[in-house]
Amino acid sequence: MAHHLVLFFVLVFGGQLIGGLSAQKLPPSEYGNMITILTIDGGGIKGIIPATVLDYLDKALKVKDPNAELVHYFDVIGGNGTGGLITAMLATSGPHHPNLPAFTPAEIVEFYKQNGPQIFNESRYN
């Protein structure tokens with residue numbers, strides 16, 4: 001029974017990430033037949049950990065190509081809880097540059113450092 005429930009959630013939420021519950025297909029991947037997916041787990045203030053990993057990956061990509069954007073390496077990005085917050089910050093276009101994310105991974109790390117204690121109840125993590 002639990003396996004059916006998990007499969008149901010994967011189908012429903014996976015379909016919504018791809019464009020709703022329609023039969024619409026993903027646009028062709030930039031990487032051939034491979035579809036690249038980034039998923040980010042939740043964890044409250046601990047979201048600073050995946051944000052830091054993404055910042056490290058972003059900086060490593062920029063060593064090879066200074067114009068590289070982490071989000072352009074993934075066809076689908078999703079997350080739950082604080083991972084959903086990071087996803088929204090990465091996947092939302094910036095106000096002045098529609099091809100760039102609203103927040104860089106480094107800015108997301110700073111967001112968690114500055115706002116995390118106010119957003120997430122510190123007493124739960126002590």
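Positions of Cβ are set from backbone N, Cα and C atoms, glycine also.
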Candidate ranges 42-47, 78-83 [criterion: TrEMBL lists as motif 'GXGXXG']: 42-47
Residue counts (helix, strand, coil, in that order) that DSSP gives for the motif 'GXGXXG' (42-47): 4 helix, 0 strand, 2 coil
